[in-house]
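Report on one structure; see the data block that follows.
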Amino acid sequence: MRVAVAGCCHGELDKIYETLALAERRGSGPVDLLLCCGDFQAVRNEADLRCMAVPPKYRHMQTFYRYYSGEKKAPVLTIFIGGNHEASNHLQELPYGGWVAPNIYYLGLAGVVKYRGVRIGGISGIFKSHDYRKGHFECPPYNSSTIRSIYHVRNIEVYKLKQLKQPVHIFLSHDWPRNIYHYGNKKQLLKTKSFFRQEVENSTLGSPAASELLEHLQPAYWFSAHLHVKFAALMQHQATDKDQAGKETKFLALDKCLPHRDFLQVLEIEHDPSAPEYLEYDVEWLTVLRATDDLINVTGGLWNMPEDNGLHTRWDYSATEETMKEVMEKLNHDPKVPCNFTMTAACYDPSKPQTQVKLVHRINPQTTEFCAQLGITDINVMIQKAREEEHHQCGEYEQQGDPGTEESEEDRSEYNTDTSALSSINPDEIMLDEEEEEEEEEEEAVSAHSDMNTPSVEPASDQASDLSTSFSDIRNLPSSMFVSSDDASRSPASGEGKCGETVESGDEKDLAKFPLKRLSDEHEPEQRKKIKRRNQAIYAAVDDGDASAE
């Protein structure tokens, strides 16, 4: 089947589907499935904008709300994962995945589904070592800390995925697996993104958690985004059986949805012709969810996953034939994902913009139904109960704060390299911290009742026309799923045949009209930069430490 893969979407669904339609007309047939690698931005209304980790002036409504309201419908089944710039309150409603709009499916914090016999897995968010071993404790209203930590990958999601034994065909992650750049054209990558050089040479660019999953799952395809550059690699895994050759993983990262950027690629993927043409639950994955239900943690404390070290009575949560049969019985022997999308929040109305927004922690009926059918815990219900207990003990709700990130030597993450302190800056991005310092008077912790001047949410009609024209300039480029590396000893063969067609889009003049985002591998310095305040003379007597951003 023909599968389209998109990099960072940034809410530009109209442009992506328009580009896809043009690719279909110029290509060799209709596309069966669209996979999006994060920064999807399923923004329904102004409250959702408030929960997206970008500076206020870069918050734009974009076009998802039209698909949420039913005004438009996705022309092709769309599956996506979360990145580091999302409507976090919306996605939090669906920790196990679900429909965010008709024909648009979110994989959840981590998840695996099947479509036409193809097994598709993914993990949302990005890696940040000091949050990796925490539970999922965040909930709206977010503050300046939790609005970021909520999209950081947690060890429990990686642990669940590592229980899988059956082959995974396609896997999605937002940030790249660490070291994957050594298996592609590293020289060309550094020519395009020279500011990656230090991390590439030190092997610190990318996610060690994703790298661990790549080594364990060894999928046929791995797609990522996040770094805003197209890059392909071919990784040869070591054989586990002497009589069989090691598996190969074709890696492809794509750019963001902007004119003249390689943000979309169409591939031919083998599938099972006898498999149903609708989305199905993956029984092995559901079995793992049931087995690991007792491991759910909704606190900010650091904790380790069970392992075979003599300290745990159980460390193997993989599925067995018997436990998978139990899951099939709970599904009534029908693994079809129900089309049970329901609106849980008001949709943005351009004619009636809301200046007052209220951030609410919602329980989504899709998640309620899913958990009831499988007999597992709704994480959001668990979080709400924890807050109620806190309210009962303290007599009042307290402002949610960062529960502390200081660690002792023995409590450190198993990944001792934190990319947050790296100094390289992507000039294609905007540093969130810098912008927050610059907008010091405007920024405040996200609150349940907050005034908000909604940014311009729709382009002017002439701008929209220009953008439509620019995004229609598509060319089929030579495939880069197979590339020659500058490291000859580790390079994939360059003589492979064509595997896909790249879709690029057009006019460079509109680049400045799109919101930028920071690079988050994450390049947040541990000690934030000190800046000069706008009216420095007024603050001449203030201690120097007060002039730095908090």
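Glycine too: its Cβ is placed from the backbone N, Cα and C atoms.
Residues or ranges marked as divalent metal cation 1 binding site by Swiss-Prot: CYS8, HIS10, HIS228.
Counting Cβ atoms from all protein chains shown, SER28 (phosphoserine) has 9 others lying within 10 Å of its own Cβ. Per Swiss-Prot, the feature phosphoserine maps to SER28 (among others); the stated evidence is a large-scale study or a structure entry.
As annotated by Swiss-Prot, divalent metal cation 2 binding site applies to ASP39, ASN84, HIS174, HIS226. Taking the Cβ of HIS174 (divalent metal cation 2 binding site) as centre and 10 Å as the limit, one finds 31 other Cβ atoms among all the protein chains shown. For the recorded site, HIS174 (divalent metal cation 2 binding site), the DSSP three-state label reads coil.
Summarising the annotation, Swiss-Prot assigns region 'Lariat recognition loop' to 124-154.
What Swiss-Prot lists as compositional bias 'Polar residues' is 416-426 (among others).
The compositional bias 'Acidic residues' annotation in Swiss-Prot covers 430-445.
Among the features that Swiss-Prot reports, compositional bias 'Polar residues' is placed at 450-483 (among others).
Among the features that Swiss-Prot reports, phosphoserine is placed at SER470 (among others), with the record citing similarity to another entry.
Swiss-Prot lists SER480 (among others) with the feature phosphoserine, giving similarity to another entry as the kind of evidence.
Feature annotation from Swiss-Prot assigns phosphoserine to SER484 (among others).
Swiss-Prot lists SER485 (among others) with the feature phosphoserine, giving similarity to another entry as the kind of evidence.
Per Swiss-Prot, the feature phosphoserine maps to SER489 (among others); the stated evidence is a large-scale study or a structure entry.
The annotation phosphoserine is assigned in Swiss-Prot to SER491 (among others) on the grounds of a large-scale study or a structure entry.
The phosphoserine annotation in Swiss-Prot covers SER494 (among others).
The feature phosphoserine is assigned by Swiss-Prot to SER505 (among others), with a large-scale study or a structure entry given as support.
Residues annotated as phosphoserine in Swiss-Prot: SER520 (among others).
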Check: In the structure shown, with every protein chain counted, which of the binding-site residues HIS226, HIS228 has the densest set of Cβ atoms within 10 angstroms of its Cβ?
Finding: HIS226
Next item on the list: Please average pLDDT over the region 'Lariat recognition loop' (124-154) for the predicted structure.
Entry: 97
Notebook entry, point to check: Taking the Cβ of ASN84 (divalent metal cation 2 binding site) as centre, how many other Cβ atoms lie within 10 Å?
Noted result: 29
Item checked: DSSP-derived helix, strand and coil totals, residue by residue, for the region 'Lariat recognition loop' (124-154) -> 7 helix, 2 strand, 22 coil
Next item on the list: Work out how many Å separate HIS174 (divalent metal cation 2 binding site) and CYS8 (divalent metal cation 1 binding site) at their Cα atoms, rounded off.
Entry: 8
Item checked: Mapped DSSP class for HIS10 (divalent metal cation 1 binding site), helix or strand or coil -> coil
Next item on the list: Between the Cα atoms of ASP39 (divalent metal cation 2 binding site) and CYS8 (divalent metal cation 1 binding site), find the distance and write it as a whole number of Å.
Entry: 5
